């Protein structure tokens, strides 16, 4: 983290900012116009597919099956949940294809809520994203990486919690630095890791198929035995599955950096989502062919447990491949989520310095460092299931609002250009299903739901105090200036102690 902060402040004079006026762009606008700097259009179809697959295949499929099984209770309900989550994600992705091509600007959900419902819902989304589900997802991926790296050294006992947190913090800081350094390097790394992740899942599917061929189908003989029927618990089970699919909308955060977004954005979605659903269902069939429901409910590293039973002396391969998958997923998640923070600052909803771009590297370095700090704070716990439920419920609410903006825009803005136009039943179905999933878990996970609601409501007075209220008292403005001046003075002093040529 220290390296990221030094990189930001010692390159301060190499920063520039993007303003709301240059938010509306076209494919023909260059990256630099006069004294304004824009993010480069350097992502093609392959990079778009890699970003979606990279986030979705990050860590969820290696941890979420435990949460799904705990609240599903049986093999049949578990597989049904995975199929339903895939279908729900594909329906949502179709809606985002229309949003991304009709509003071709970076920021994803934030931009769609701003355009559809105004600044307050957009601010609350940004508020929750920055304080809840973006840093929480980074923490989950970092903890997954750390757990799978450390587990081979402690095969007979639980991983040391402090070691897991420290390694997770180290990998989050390292990947943030890579993203600050160069976008193209990040996407090249992601392209490589995308194939590693797919290989890990194919290996699970093949080993599960071989095991099932050798040992029969006994674990699928009574698929509904022990099924949970409580609607609230089933909804929580769906949230664990949805977390594994989360990321299908993240390419929309980087629309301004996508070459020919009208073509490549929907194509990337159409290629990725069916592939993800098929692989996930087959991977869970493989898990269930080898492990009993009890095994799945009690393990904290399901892929390691699977490898122990199904791969024999080659079981060491599985934690290695899962760790690489989590690393790649974290890398692309940090890259895409920082653009949301960048766009929010550009519209004046976050401090202006978060909209700065490094003019040499064309990366939103301040946003990356800011999210890095918040992600480290989320490592207060290593309870991954709690973090998943906590973040998924809040994110599902705002995703539902974004999809409902499709219906709102059809009514209020019927004449805007829509290269892709989905049937109305698609967003209506998504909104209705999401409403049920948001309401049902309230009595099963009251603490997680209460925390999400509380943080969201807290954002309302913050919005009116910091964004709407323009005539703040003089003493308040002077206090802010004094604090800013003090911080700048500290970093200037630190800079003078370093030789300039060290950073060339």
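Here the Cβ of each residue, glycine as well, is placed from N, Cα and C on the backbone.
When the ranges 135-160, 239-264, 265-290 are checked against TrEMBL, the one recorded as transmembrane segment is 265-290. TrEMBL lists transmembrane segment for one of the ranges 105-126, 193-214, 215-236, namely 193-214. From the options 162-181, 342-361, 362-381, the stretch TrEMBL describes as transmembrane segment is 162-181. In TrEMBL, the feature transmembrane segment is placed on 43-63, out of the ranges 43-63, 295-315, 484-504.
Ranked by number of Cβ pairs under 8 Å to the transmembrane segment (193-214), the listed stretches 265-290, 316-336, 387-408, 420-443 are led by 265-290.
Only sequence-distant pairs (6 or more apart) were considered; of these, fewer than three Cβ pairs between the transmembrane segment (43-63) and the transmembrane segment (449-469) are under 8 A, so the stretches are not in contact. Below 8 A, the CB atoms of the transmembrane segment (75-97) and the transmembrane segment (387-408) form 3+ pairs separated by six or more positions in the chain.
Two recorded stretches are said to be in contact when at least 3 C-beta pairs lie under 8 angstroms, sequence spacing 6 or more; the transmembrane segment (449-469) and the transmembrane segment (265-290) fall short of this definition.
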